[in-house]
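Comments concern the structure below.
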Amino acid sequence: MTRGGDGKLGFWMSLAMVIGNVIGSGVYVLPATLAPFGSVAPVAWVATVAGTMCLAFAMARLAAGNDGGPNAYVAAAFGERAAFLTSWSYLVSNWSALAAVAIAMGGGLSYMLPGAGLGVTGFALLGLGLILAINLAGTRSVGWVQLLTVGLKLVPLVVVLGLIAWQWGRGAPLEPLRTVPLTISSLAAASALMFFSLTGFEAAAVAAERTRDPTRTVPLTTIFGTGGAGLIYLLVVTAVMMLVPYATLAASKAPFADAAAPLWGTDASLLIAGFSVVSAFGAGNSLMLMCGEISHAMAEQGDLPTRFLERSAGGAARLALTISSVAAGLLILAASSSQPLFADLFGFVTLVSSDSTLILYAACAAAALRLRSGWVARAALAVGIFYSLFTFWGAGAEAGRWSLVLLAAGWPVRLASRAWNAKRTAGTSTG
(Lines of atoms letter the chains of each structure in order from A and count residues from 1; the text may use other names and numbers.)
(Lines give C-alpha, C1' and ligand atoms only; values in the text may rest on other atoms or scores of the structure.)
Protein backbone atom coordinates (compact mmCIF):
# COMPACT_ATOMS: atom_id res chain seq x y z
CA MET A 1 0.00 0.00 0.00
CA THR A 2 1.23 3.49 -0.83
CA ARG A 3 1.63 5.64 2.24
CA GLY A 4 0.00 9.02 2.54
CA GLY A 5 3.38 10.75 2.72
CA ASP A 6 4.20 10.14 -0.94
CA GLY A 7 3.05 13.64 -1.87
CA LYS A 8 0.19 12.36 -4.04
CA LEU A 9 -3.54 12.90 -3.80
CA GLY A 10 -5.58 10.22 -2.08
CA PHE A 11 -9.27 9.47 -2.58
CA TRP A 12 -10.69 12.17 -0.29
CA MET A 13 -8.36 14.92 -1.49
CA SER A 14 -9.12 14.04 -5.12
CA LEU A 15 -12.86 14.02 -4.37
CA ALA A 16 -12.63 17.40 -2.62
CA MET A 17 -10.76 18.83 -5.60
CA VAL A 18 -13.51 17.76 -8.02
CA ILE A 19 -16.35 19.12 -5.88
CA GLY A 20 -14.42 22.31 -5.08
CA ASN A 21 -13.65 22.89 -8.75
CA VAL A 22 -17.25 22.32 -9.85
CA ILE A 23 -18.95 24.47 -7.20
CA GLY A 24 -18.27 28.02 -8.31
CA SER A 25 -20.17 31.23 -8.99
CA GLY A 26 -22.77 29.73 -11.33
CA VAL A 27 -24.95 28.37 -8.55
CA TYR A 28 -25.48 31.83 -7.06
CA VAL A 29 -27.17 33.18 -10.19
CA LEU A 30 -28.86 29.99 -11.43
CA PRO A 31 -32.12 30.49 -9.47
CA ALA A 32 -32.70 33.71 -11.43
CA THR A 33 -31.81 32.27 -14.84
CA LEU A 34 -33.88 29.13 -14.19
CA ALA A 35 -36.91 30.97 -12.76
CA PRO A 36 -38.80 30.96 -16.11
CA PHE A 37 -38.47 27.16 -16.31
CA GLY A 38 -40.23 26.56 -12.97
CA SER A 39 -41.42 22.97 -12.64
CA VAL A 40 -39.16 21.83 -15.50
CA ALA A 41 -36.03 22.69 -13.49
CA PRO A 42 -35.94 19.64 -11.13
CA VAL A 43 -36.41 17.26 -14.08
CA ALA A 44 -33.72 19.10 -16.02
CA TRP A 45 -31.35 18.77 -13.06
CA VAL A 46 -31.72 14.99 -13.12
CA ALA A 47 -31.09 14.88 -16.88
CA THR A 48 -28.13 17.27 -16.60
CA VAL A 49 -26.44 15.39 -13.77
CA ALA A 50 -26.96 12.04 -15.55
CA GLY A 51 -25.58 13.35 -18.85
CA THR A 52 -22.67 15.12 -17.19
CA MET A 53 -21.78 11.97 -15.26
CA CYS A 54 -21.53 10.11 -18.59
CA LEU A 55 -19.10 12.78 -19.81
CA ALA A 56 -17.24 12.53 -16.51
CA PHE A 57 -17.07 8.77 -17.03
CA ALA A 58 -15.42 9.36 -20.41
CA MET A 59 -12.81 11.63 -18.84
CA ALA A 60 -12.20 9.13 -16.06
CA ARG A 61 -11.78 6.22 -18.49
CA LEU A 62 -9.22 8.17 -20.49
CA ALA A 63 -7.30 9.39 -17.45
CA ALA A 64 -6.97 5.85 -16.13
CA GLY A 65 -4.99 4.72 -19.16
CA ASN A 66 -3.25 7.77 -20.62
CA ASP A 67 -0.68 10.32 -19.53
CA GLY A 68 -1.39 14.02 -19.93
CA GLY A 69 -4.64 15.96 -19.86
CA PRO A 70 -7.71 16.09 -22.13
CA ASN A 71 -5.68 17.51 -25.03
CA ALA A 72 -3.41 14.44 -24.97
CA TYR A 73 -6.43 12.11 -25.02
CA VAL A 74 -7.86 13.70 -28.16
CA ALA A 75 -4.43 13.78 -29.83
CA ALA A 76 -4.00 10.04 -29.19
CA ALA A 77 -7.36 9.28 -30.82
CA PHE A 78 -7.68 11.82 -33.63
CA GLY A 79 -4.36 13.59 -34.16
CA GLU A 80 -2.85 16.97 -33.35
CA ARG A 81 -5.21 19.10 -35.46
CA ALA A 82 -8.25 17.86 -33.59
CA ALA A 83 -6.32 18.28 -30.35
CA PHE A 84 -5.60 21.93 -31.21
CA LEU A 85 -9.28 22.68 -31.87
CA THR A 86 -10.29 21.14 -28.54
CA SER A 87 -7.53 23.08 -26.74
CA TRP A 88 -8.66 26.31 -28.40
CA SER A 89 -12.32 25.62 -27.53
CA TYR A 90 -11.23 25.00 -23.93
CA LEU A 91 -9.41 28.34 -23.91
CA VAL A 92 -12.48 30.10 -25.35
CA SER A 93 -14.69 28.42 -22.74
CA ASN A 94 -12.43 29.74 -19.99
CA TRP A 95 -12.52 33.25 -21.47
CA SER A 96 -16.32 33.22 -21.51
CA ALA A 97 -16.51 31.57 -18.07
CA LEU A 98 -14.24 34.35 -16.79
CA ALA A 99 -16.69 36.87 -18.25
CA ALA A 100 -19.57 35.03 -16.56
CA VAL A 101 -18.03 35.08 -13.07
CA ALA A 102 -17.16 38.77 -13.52
CA ILE A 103 -20.83 39.39 -14.34
CA ALA A 104 -21.80 37.41 -11.22
CA MET A 105 -19.49 39.67 -9.21
CA GLY A 106 -21.09 42.69 -10.86
CA GLY A 107 -24.56 41.51 -9.91
CA GLY A 108 -23.64 41.03 -6.27
CA LEU A 109 -21.77 44.33 -6.01
CA SER A 110 -24.55 46.31 -7.70
CA TYR A 111 -26.99 44.74 -5.19
CA MET A 112 -24.77 45.81 -2.30
CA LEU A 113 -23.89 49.26 -3.70
CA PRO A 114 -26.88 50.41 -5.75
CA GLY A 115 -25.91 54.07 -5.45
CA ALA A 116 -22.43 53.65 -6.93
CA GLY A 117 -23.70 54.29 -10.45
CA LEU A 118 -21.54 51.60 -12.07
CA GLY A 119 -24.24 49.02 -12.75
CA VAL A 120 -23.60 45.33 -13.36
CA THR A 121 -21.34 45.88 -16.38
CA GLY A 122 -19.18 48.52 -14.68
CA PHE A 123 -18.69 46.42 -11.56
CA ALA A 124 -17.98 43.34 -13.73
CA LEU A 125 -15.19 45.14 -15.59
CA LEU A 126 -13.81 46.50 -12.31
CA GLY A 127 -13.77 43.00 -10.83
CA LEU A 128 -12.09 41.65 -13.96
CA GLY A 129 -9.34 44.24 -13.62
CA LEU A 130 -8.77 43.29 -9.97
CA ILE A 131 -8.56 39.60 -10.89
CA LEU A 132 -5.99 40.43 -13.59
CA ALA A 133 -3.91 42.47 -11.13
CA ILE A 134 -3.77 39.61 -8.63
CA ASN A 135 -2.79 37.10 -11.31
CA LEU A 136 -0.07 39.39 -12.66
CA ALA A 137 1.35 39.53 -9.13
CA GLY A 138 2.20 35.84 -9.43
CA THR A 139 0.92 32.32 -8.88
CA ARG A 140 1.36 32.45 -5.09
CA SER A 141 -0.95 35.48 -4.93
CA VAL A 142 -3.63 33.47 -6.72
CA GLY A 143 -3.03 30.57 -4.33
CA TRP A 144 -3.54 32.76 -1.28
CA VAL A 145 -6.79 34.13 -2.69
CA GLN A 146 -8.05 30.59 -3.30
CA LEU A 147 -7.20 29.56 0.26
CA LEU A 148 -9.13 32.55 1.63
CA THR A 149 -12.21 32.07 -0.56
CA VAL A 150 -12.66 28.29 -0.81
CA GLY A 151 -14.58 27.93 2.46
CA LEU A 152 -16.55 31.18 2.19
CA LYS A 153 -18.28 30.14 -1.02
CA LEU A 154 -20.12 27.34 0.78
CA VAL A 155 -21.69 29.67 3.39
CA PRO A 156 -24.66 30.87 1.27
CA LEU A 157 -25.44 27.27 0.25
CA VAL A 158 -25.60 26.13 3.88
CA VAL A 159 -27.67 29.18 4.85
CA VAL A 160 -30.28 28.55 2.14
CA LEU A 161 -30.62 24.88 3.05
CA GLY A 162 -31.10 25.95 6.66
CA LEU A 163 -33.75 28.49 5.62
CA ILE A 164 -35.80 26.02 3.61
CA ALA A 165 -35.59 23.43 6.41
CA TRP A 166 -36.70 26.02 8.98
CA GLN A 167 -39.59 27.27 6.84
CA TRP A 168 -40.76 23.74 6.15
CA GLY A 169 -40.35 22.71 9.79
CA ARG A 170 -42.55 25.51 11.11
CA GLY A 171 -45.20 24.90 8.48
CA ALA A 172 -44.70 28.20 6.64
CA PRO A 173 -45.99 28.28 3.06
CA LEU A 174 -43.36 27.93 0.35
CA GLU A 175 -43.45 29.49 -3.11
CA PRO A 176 -44.79 26.99 -5.67
CA LEU A 177 -42.64 26.41 -8.70
CA ARG A 178 -44.04 28.10 -11.79
CA THR A 179 -45.98 25.52 -13.83
CA VAL A 180 -44.26 25.07 -17.18
CA PRO A 181 -45.06 22.32 -19.73
CA LEU A 182 -42.31 19.70 -19.92
CA THR A 183 -41.19 19.58 -23.56
CA ILE A 184 -37.99 18.51 -25.28
CA SER A 185 -37.11 22.14 -26.03
CA SER A 186 -37.74 23.39 -22.47
CA LEU A 187 -35.77 20.47 -21.04
CA ALA A 188 -32.86 21.13 -23.40
CA ALA A 189 -32.84 24.89 -22.73
CA ALA A 190 -32.84 24.43 -18.95
CA SER A 191 -30.15 21.74 -19.18
CA ALA A 192 -27.92 24.04 -21.21
CA LEU A 193 -28.09 26.72 -18.50
CA MET A 194 -27.42 24.15 -15.77
CA PHE A 195 -24.47 22.54 -17.52
CA PHE A 196 -22.22 25.57 -16.96
CA SER A 197 -22.46 25.07 -13.20
CA LEU A 198 -21.18 21.48 -13.50
CA THR A 199 -18.17 22.14 -15.71
CA GLY A 200 -14.77 21.56 -14.14
CA PHE A 201 -15.27 17.89 -13.27
CA GLU A 202 -12.11 17.08 -15.25
CA ALA A 203 -9.99 18.29 -12.31
CA ALA A 204 -9.16 14.77 -11.09
CA ALA A 205 -8.39 13.56 -14.62
CA VAL A 206 -5.99 16.45 -15.22
CA ALA A 207 -4.23 15.63 -11.94
CA ALA A 208 -4.12 11.85 -12.59
CA GLU A 209 -0.31 11.75 -12.63
CA ARG A 210 -0.27 13.24 -9.12
CA THR A 211 -2.94 10.88 -7.77
CA ARG A 212 -2.35 7.70 -5.78
CA ASP A 213 -3.66 4.61 -7.63
CA PRO A 214 -5.20 6.72 -10.44
CA THR A 215 -6.71 3.73 -12.26
CA ARG A 216 -9.07 3.25 -9.33
CA THR A 217 -9.16 6.68 -7.66
CA VAL A 218 -9.76 9.01 -10.63
CA PRO A 219 -12.87 7.25 -12.01
CA LEU A 220 -14.43 7.03 -8.53
CA THR A 221 -13.76 10.63 -7.50
CA THR A 222 -14.78 12.00 -10.90
CA ILE A 223 -18.11 10.16 -10.86
CA PHE A 224 -18.91 10.69 -7.15
CA GLY A 225 -17.68 14.29 -7.20
CA THR A 226 -19.82 15.18 -10.21
CA GLY A 227 -22.86 13.44 -8.77
CA GLY A 228 -22.33 15.01 -5.33
CA ALA A 229 -22.01 18.52 -6.72
CA GLY A 230 -25.10 17.96 -8.88
CA LEU A 231 -27.12 16.85 -5.84
CA ILE A 232 -26.02 19.95 -3.90
CA TYR A 233 -27.08 22.16 -6.82
CA LEU A 234 -30.45 20.45 -7.14
CA LEU A 235 -31.20 21.03 -3.45
CA VAL A 236 -29.99 24.61 -3.05
CA VAL A 237 -31.28 26.02 -6.37
CA THR A 238 -34.71 24.44 -5.86
CA ALA A 239 -34.71 25.79 -2.28
CA VAL A 240 -34.13 29.37 -3.48
CA MET A 241 -36.84 28.98 -6.13
CA MET A 242 -39.26 27.93 -3.35
CA LEU A 243 -38.29 30.83 -1.06
CA VAL A 244 -38.49 33.76 -3.50
CA PRO A 245 -41.60 34.70 -5.54
CA TYR A 246 -41.19 34.20 -9.27
CA ALA A 247 -41.51 37.88 -10.21
CA THR A 248 -38.80 38.85 -7.72
CA LEU A 249 -36.55 35.94 -8.63
CA ALA A 250 -36.64 36.51 -12.40
CA ALA A 251 -35.37 40.09 -11.94
CA SER A 252 -32.96 39.33 -9.09
CA LYS A 253 -29.27 40.27 -9.19
CA ALA A 254 -28.53 38.27 -6.01
CA PRO A 255 -31.07 35.41 -5.60
CA PHE A 256 -29.52 33.98 -2.42
CA ALA A 257 -29.57 37.40 -0.78
CA ASP A 258 -33.21 37.91 -1.80
CA ALA A 259 -34.03 34.53 -0.23
CA ALA A 260 -32.55 35.62 3.12
CA ALA A 261 -33.87 39.20 3.20
CA PRO A 262 -37.55 38.57 4.17
CA LEU A 263 -36.56 36.44 7.17
CA TRP A 264 -33.31 37.97 8.39
CA GLY A 265 -33.43 41.51 7.09
CA THR A 266 -31.33 43.69 4.80
CA ASP A 267 -28.07 43.34 6.73
CA ALA A 268 -28.15 39.55 6.43
CA SER A 269 -29.00 39.72 2.74
CA LEU A 270 -26.08 42.08 2.12
CA LEU A 271 -23.80 39.65 3.93
CA ILE A 272 -25.01 36.75 1.78
CA ALA A 273 -24.49 38.86 -1.34
CA GLY A 274 -20.96 39.59 -0.13
CA PHE A 275 -20.24 35.88 0.24
CA SER A 276 -21.46 35.26 -3.32
CA VAL A 277 -19.16 38.03 -4.60
CA VAL A 278 -16.22 36.45 -2.76
CA SER A 279 -17.07 33.07 -4.30
CA ALA A 280 -17.20 34.55 -7.81
CA PHE A 281 -13.95 36.39 -7.14
CA GLY A 282 -12.23 33.14 -6.14
CA ALA A 283 -13.60 31.33 -9.19
CA GLY A 284 -12.42 34.18 -11.41
CA ASN A 285 -8.89 33.96 -10.05
CA SER A 286 -8.78 30.25 -10.77
CA LEU A 287 -10.17 30.74 -14.28
CA MET A 288 -7.69 33.52 -15.06
CA LEU A 289 -4.84 31.26 -13.96
CA MET A 290 -6.23 28.48 -16.17
CA CYS A 291 -6.36 30.85 -19.15
CA GLY A 292 -2.70 31.66 -18.65
CA GLU A 293 -1.65 28.03 -18.30
CA ILE A 294 -3.67 26.83 -21.30
CA SER A 295 -2.19 29.59 -23.47
CA HIS A 296 1.31 28.78 -22.21
CA ALA A 297 0.84 25.07 -23.04
CA MET A 298 -0.44 25.93 -26.53
CA ALA A 299 2.58 28.17 -27.09
CA GLU A 300 4.84 25.26 -26.13
CA GLN A 301 3.19 23.26 -28.92
CA GLY A 302 3.82 26.12 -31.36
CA ASP A 303 0.12 26.91 -31.71
CA LEU A 304 0.48 30.40 -30.20
CA PRO A 305 3.36 32.88 -30.52
CA THR A 306 6.39 32.09 -28.37
CA ARG A 307 5.89 35.38 -26.53
CA PHE A 308 3.14 33.58 -24.61
CA LEU A 309 5.92 31.53 -22.98
CA GLU A 310 7.29 34.57 -21.16
CA ARG A 311 6.66 34.65 -17.42
CA SER A 312 7.20 37.25 -14.73
CA ALA A 313 9.45 36.66 -11.72
CA GLY A 314 6.35 35.47 -9.87
CA GLY A 315 5.54 32.90 -12.56
CA ALA A 316 2.68 34.84 -14.20
CA ALA A 317 2.14 34.37 -17.95
CA ARG A 318 1.73 38.12 -18.44
CA LEU A 319 0.75 38.34 -22.11
CA ALA A 320 -1.67 35.41 -21.89
CA LEU A 321 -3.32 36.83 -18.77
CA THR A 322 -3.68 40.30 -20.29
CA ILE A 323 -5.17 39.02 -23.55
CA SER A 324 -7.53 36.73 -21.62
CA SER A 325 -8.84 39.63 -19.54
CA VAL A 326 -9.29 41.76 -22.68
CA ALA A 327 -11.19 38.92 -24.40
CA ALA A 328 -13.45 38.46 -21.36
CA GLY A 329 -14.03 42.21 -21.12
CA LEU A 330 -14.99 42.49 -24.79
CA LEU A 331 -17.41 39.58 -24.38
CA ILE A 332 -19.03 41.34 -21.40
CA LEU A 333 -19.44 44.57 -23.37
CA ALA A 334 -20.75 42.82 -26.49
CA ALA A 335 -23.26 40.71 -24.55
CA SER A 336 -24.46 43.55 -22.31
CA SER A 337 -25.41 45.63 -25.35
CA SER A 338 -28.02 43.03 -26.36
CA GLN A 339 -28.91 41.54 -22.95
CA PRO A 340 -29.96 44.39 -20.61
CA LEU A 341 -31.38 42.18 -17.83
CA PHE A 342 -28.84 40.71 -15.41
CA ALA A 343 -30.17 37.14 -15.54
CA ASP A 344 -30.28 37.20 -19.35
CA LEU A 345 -26.75 38.64 -19.56
CA PHE A 346 -25.30 36.01 -17.23
CA GLY A 347 -27.31 33.25 -18.89
CA PHE A 348 -26.15 34.12 -22.40
CA VAL A 349 -22.45 34.28 -21.50
CA THR A 350 -22.67 30.96 -19.64
CA LEU A 351 -24.31 29.38 -22.70
CA VAL A 352 -21.40 30.48 -24.90
CA SER A 353 -19.00 29.02 -22.33
CA SER A 354 -21.00 25.79 -22.07
CA ASP A 355 -21.10 25.31 -25.84
CA SER A 356 -17.33 25.80 -26.08
CA THR A 357 -16.74 23.37 -23.19
CA LEU A 358 -19.08 20.80 -24.73
CA ILE A 359 -16.81 20.64 -27.79
CA LEU A 360 -13.96 19.50 -25.53
CA TYR A 361 -16.09 17.06 -23.53
CA ALA A 362 -17.72 15.54 -26.62
CA ALA A 363 -14.30 15.12 -28.23
CA CYS A 364 -13.03 13.34 -25.11
CA ALA A 365 -16.09 11.07 -25.08
CA ALA A 366 -15.50 10.25 -28.76
CA ALA A 367 -11.82 9.60 -28.01
CA ALA A 368 -12.77 7.25 -25.18
CA LEU A 369 -15.22 5.49 -27.48
CA ARG A 370 -12.39 4.94 -29.96
CA LEU A 371 -9.69 3.98 -27.46
CA ARG A 372 -11.69 1.87 -25.01
CA SER A 373 -13.77 -1.30 -25.36
CA GLY A 374 -16.65 -2.95 -23.49
CA TRP A 375 -20.34 -2.56 -24.27
CA VAL A 376 -21.26 -0.95 -20.92
CA ALA A 377 -18.56 1.69 -21.34
CA ARG A 378 -19.51 2.28 -24.96
CA ALA A 379 -23.17 2.73 -24.02
CA ALA A 380 -22.29 5.33 -21.36
CA LEU A 381 -19.98 7.15 -23.77
CA ALA A 382 -22.64 7.18 -26.48
CA VAL A 383 -25.08 8.72 -23.98
CA GLY A 384 -22.45 11.34 -23.12
CA ILE A 385 -22.01 12.29 -26.79
CA PHE A 386 -25.79 12.43 -27.30
CA TYR A 387 -26.15 14.60 -24.19
CA SER A 388 -23.47 16.98 -25.52
CA LEU A 389 -25.34 17.41 -28.81
CA PHE A 390 -28.67 17.73 -27.00
CA THR A 391 -27.34 20.44 -24.67
CA PHE A 392 -25.60 22.28 -27.52
CA TRP A 393 -28.94 22.41 -29.32
CA GLY A 394 -30.70 23.53 -26.14
CA ALA A 395 -28.32 26.46 -25.74
CA GLY A 396 -29.90 28.07 -28.77
CA ALA A 397 -28.78 29.31 -32.16
CA GLU A 398 -27.18 32.57 -31.02
CA ALA A 399 -24.91 31.02 -28.40
CA GLY A 400 -24.09 28.22 -30.82
CA ARG A 401 -23.08 30.69 -33.52
CA TRP A 402 -20.85 32.59 -31.10
CA SER A 403 -19.07 29.45 -29.93
CA LEU A 404 -18.58 28.09 -33.47
CA VAL A 405 -17.30 31.43 -34.80
CA LEU A 406 -14.87 31.67 -31.87
CA LEU A 407 -13.80 28.07 -32.53
CA ALA A 408 -13.22 28.78 -36.23
CA ALA A 409 -11.17 31.86 -35.32
CA GLY A 410 -8.62 29.55 -33.71
CA TRP A 411 -7.43 28.08 -37.01
CA PRO A 412 -6.06 31.31 -38.57
CA VAL A 413 -4.54 32.10 -35.16
CA ARG A 414 -2.71 28.77 -35.28
CA LEU A 415 -1.49 29.28 -38.86
CA ALA A 416 -0.33 32.84 -38.15
CA SER A 417 1.37 31.76 -34.92
CA ARG A 418 3.25 28.94 -36.61
CA ALA A 419 4.37 31.25 -39.42
CA TRP A 420 5.48 33.91 -36.93
CA ASN A 421 7.34 31.35 -34.80
CA ALA A 422 9.08 29.88 -37.87
CA LYS A 423 10.13 33.34 -39.06
CA ARG A 424 11.44 34.24 -35.63
CA THR A 425 13.35 30.94 -35.36
CA ALA A 426 14.86 31.45 -38.82
CA GLY A 427 15.86 35.00 -37.92
CA THR A 428 17.50 33.83 -34.72
CA SER A 429 19.44 31.05 -36.45
CA THR A 430 20.74 33.32 -39.23
CA GLY A 431 21.56 36.12 -36.83
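From the backbone N, Cα and C atoms, a Cβ is placed for every residue, glycine too.
Whatever TrEMBL says is automated annotation, not expert-curated.
Sequence annotations record features per position, and here TrEMBL assigns transmembrane segment to 12-31 (among others). Residues of the same chain lying 6 or more positions beyond the ends of the transmembrane segment (12-31) and with a Cβ under 8 Å from any Cβ of it are 100-101, 104-105, 107-108, 150, 153-154, 156-157, 193-194, 196-201, 203-204, 207, 211, 217-218, 220-222, 224-226, 228-229, 232-233, 236-237, 240-241, 244, 249, 252, 254-256, 259, 276, 279-280, 283-284, 286, 343, 346, 350.
For the transmembrane segment (43-64), the list of distant contacts is 37, 70, 73, 182, 187, 190-191, 194-195, 198, 201-202, 204-206, 208, 214-215, 218-219, 222-223, 225-227, 230-231, 233-234, 237-238, 361-362, 364-365, 367-369, 371-372, 377, 380-381, 383-384, 387-388, 390-391: same-chain residues at least six beyond its ends, Cβ to Cβ under 8 Å. The transmembrane segment annotation in TrEMBL covers 43-64 (among others).
Look at TrEMBL and you will find 85-105 (among others) tagged as transmembrane segment.
The transmembrane segment annotation in TrEMBL covers 111-137 (among others). For the transmembrane segment (111-137), same-chain residues at least 6 beyond its ends with a Cβ under 8 Å from one of its own Cβ atoms are 98-99, 102-103, 105, 145, 253-254, 257, 270, 273-274, 277, 280-281, 284-285, 288-289, 292, 312, 314, 316, 318, 321-322, 325, 328-329, 332-333, 336, 342, 345.
Residues or ranges marked as transmembrane segment by TrEMBL: 144-166 (among others).
The transmembrane segment annotation in TrEMBL covers 186-208 (among others).
What TrEMBL records for 220-248 (among others) is transmembrane segment.
If you look up TrEMBL, you'll see 268-294 (among others) marked as transmembrane segment.
Among residues of the same chain six or more beyond the transmembrane segment (315-335), those with a C-beta under 8 A of the stretch's C-beta atoms are 94-96, 98-99, 102-103, 121, 124-125, 128-129, 131-132, 135-140, 288, 291-293, 295-296, 299, 307-309, 345, 348-349, 352. The transmembrane segment feature in TrEMBL is assigned to 315-335 (among others).
Positions annotated as transmembrane segment by TrEMBL: 341-363 (among others). Tertiary proximity for the transmembrane segment (341-363) is limited to same-chain residues at least six positions away from its ends with a CB under 8 Å from its CB atoms, namely 26, 29, 32-33, 35, 55, 58-59, 70, 74, 78, 82, 85-86, 89-90, 92-94, 96-97, 99-100, 103-104, 107, 110, 120, 192-193, 195-196, 199, 250-253, 331-332, 335, 384-385, 388-389, 391-392, 395-396, 398-400, 402-404, 406-407.
What TrEMBL lists as transmembrane segment is 375-393 (among others). Residues 47-48, 50-52, 54-55, 57-58, 61, 188, 191-192, 195, 354-355, 358, 361-362, 365-366, 368-369, 400 of the same chain, all 6+ positions outside the transmembrane segment (375-393), place their C-beta atoms under 8 angstroms from a C-beta of that stretch.
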Checklist outcome for this item: Counting only residues at least 6 beyond its ends, the same-chain positions whose CB falls under 8 A of a CB in the transmembrane segment (268-294) are 21, 24-25, 28, 87, 90-91, 94-95, 97-98, 101-102, 104-105, 108-109, 111-112, 127-128, 130-132, 134-135, 139, 142, 145-146, 148-150, 152-153, 155-156, 159, 254, 256-261, 316-317, 320-321, 324-325
Checklist entry - Counting only residues 6+ away from its ends, which parts of the chain sit with a Cβ under 8 Å from the transmembrane segment (220-248)? => result 11, 14-15, 17-19, 22-23, 27, 30-31, 34-35, 38, 41-42, 45-46, 48-49, 52-53, 56-57, 59-60, 63, 157, 160-161, 163-164, 167, 174-178, 194, 197-198, 201-205, 255-256, 258-259
